[in-house]
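Novice: Structure in structure tokens, see below.
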Amino acid sequence: MWVFGTCIMKLMLSGWPKLLTVVPESCCLILTGIFVGIIFYITNTTVLSPLSSTIFFFCMLPPIIFNAGFFMPNRPFFDHLGTILLFAVMGTIFNTICIGISLWACGLSGLYGFQISLLETLIFSALISAVDPVAVLVVFEEIHVDKVLYIIVFGESLLNDAVTVVLYNMCDSYISLGPENIEASDVLSGFASFVVVALGGTMIGIFWGFLTGFVTKYTHRVLVIEPIFIFIMSYVAYVNAEAFQMSGILSIMFCGITMKNYVAENVSTTSLTTVKCGLKVLSNGSESIIFMFLGISTVNDYHEWNTAFIALTIFFCSLYRALGVVLLTEIANYFRLHQLNRVEKFVMSYGGLRGAIAFALVLLIDPKRIPHQPLFVTATISVVFFTVFVQGITMKPLVEFLKVKREENQEKTMNERLHDKMLDYTMAGVVDILNQLNSNKIRDKFKQFDYAYIRPYLIREKKHHEPKIC
């Protein structure tokens with residue numbers, strides 16, 4: 001019924017194209033969810049909480065992340081991976097520490113009317129620092145920003161979530177341990193686990209991506225099972241990583257990035273079309289349901305309002321997001337050929353939308369151990385609504401006003417593609433002669449290794465579904 005209702009709502013919204021040019025679809029779906037939630041509340045209708053953390057992390061999030069990985073343009077993503085990692089890792093840690101300490105310091109002044117510990121504000125700041133890929137994807141796809149800017153912000157939001165979950169679990173374990181029992185070794189082991197969880201999730205995803213390519217090498221005899229293997233093995237990668245307490249988000253993302261290079265050449269054209277369409281349906285459906293459920297889950301009696309705490313949370317989230325982007329962009333520009341200008345910095349800081357991931361994480365907090373959990377829930381919803389409604393609605397007018405470079409929808413001609421390849425090989429040759437290392441040389445070396453040692457074991461035959469310049 002929830003899926004059917006969401007589909008009906010999307011169908012109705014499609015009848016008001018002028019409305020969707022002003023208000024993002026995500027805002028309309030949240031408002032619809034709030035309306036439905038009010039009806040349930042007034043009529044005392046008992047419904048199962050639709051946006052529980054388990055349902056979100058194991059049912060709704062995987063298809064969205066897998067879709068992002070499978071359709072991620074590999075070259076722009078890996079060309080800007082250094083910048084993406086800088087924002088996703090250092091940016092998230094910076095925001096978590098600064099927001100947590102600032103909220104704790106304000107609490108010491110008695111501004112909230114109650115005392116709150118540093119560990120409590122840190123676990124809250126960790127989850128509220130999660131830039132939501134669902135919200136970013138919906139808004140940025142609607143305004144069609146430049147591919148470089150889109151890749152950096154969207155890539156950051158994907159990797160940022162994995163970092164956020166690790167920081168959240170780290171703070172949660174410190175609270176369980178007790179602040180008086182925390183030693184320097186515990187802090188060091190926490191950061192060590194941070195690296196292990198991230199790398200472990202990535203390696204598990206790459207392994208399952210290779211394994212999917214190997215399996216699809218032999219599925220040509222029974223074409224009907226090809227899409228099933230792709231969907232199931234990607235989900236197994238996610239569950240496998242979570243079972244080993246690694247990052248499931250990174251696992252399923254890199255599984256999609258890895259497998260698409262091989263399954264596209266193994267499976268039939270019909271199966272590939274089925275996978276692409278199926279992924280879009282599952283991903284788009286999950287996105288819509290998440291926003292609608294977010295609105296429904298808002299209307300309940302489990303809120304605790306504190307104006308000072310909520311207002312300061314919104315202020316600090318906006319302040320440190322902008323400050324972090326400015327500082328980290330200066331570092332990134334020192335190593336980048338394509339410099340990120342002031343307008344792009346503004347879009348990156350303004351595009352730090354929060355969403356369902358922060359809400360799902362705050363629901364995981366045990367109110368018995370953290371008595372301020374109801375306040376954290378209310379503050380999280382307030383931040384999500386502020387970023388999605390205020391920043392999401394004003395994003396498009398600001399992009400037009402600032403004349404931000406838009407994505408060119410025109411497909412490159414054969415001549416342009418040939419010139420691009422010629423420049424790539426020329427650059428790789430020049431770099432090789434100079435005995436230096438850059439992205440062109442790394443890409444060229446990996447391609448040689450891939451064609452010599454990996455593809456022969458994972459590809460059934462040399463074929464392409466469309467003309468391709470190698």
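Numbering starts at 1 and runs along the chain as displayed.
For all residues, glycine too, the Cβ spot is worked out from N, Cα and C.
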Novice: If you look at how TrEMBL annotates this chain, which of 239-261, 377-399 comes out as transmembrane segment?
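Specialist: Of 239-261, 377-399, TrEMBL gives transmembrane segment for 377-399.
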Novice: Should the transmembrane segment (84-104) and the transmembrane segment (116-140) be scored as in contact, given a threshold of at least 3 Cβ pairs under 8 Å and pairs 6 or more apart?
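Specialist: Yes, the stretches contact each other.
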Novice: Could you tell me whether the transmembrane segment (218-238) and the transmembrane segment (188-211) have 3+ CB pairs under 8 A, leaving out pairs under 6 positions apart?
Specialist: yes
Novice: Taking 19-42, 218-238, 377-399 as candidates, which has the most Cβ pairs under 8 Å with the transmembrane segment (116-140)?
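Specialist: By the under-8 Å Cβ criterion, the transmembrane segment (116-140) pairs most with 377-399.
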Novice: Looking only at residues six or more beyond either end of the transmembrane segment (377-399), which have a C-beta under 8 A from one in the stretch?
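Specialist: Sequence-distant neighbours of the transmembrane segment (377-399): 21-24, 26-27, 30, 124, 127-128, 132, 135, 139, 142-143, 145, 294, 298, 302-306, 309-310, 313-314, 317, 346-347, 350-356, 358-359, 362-363.
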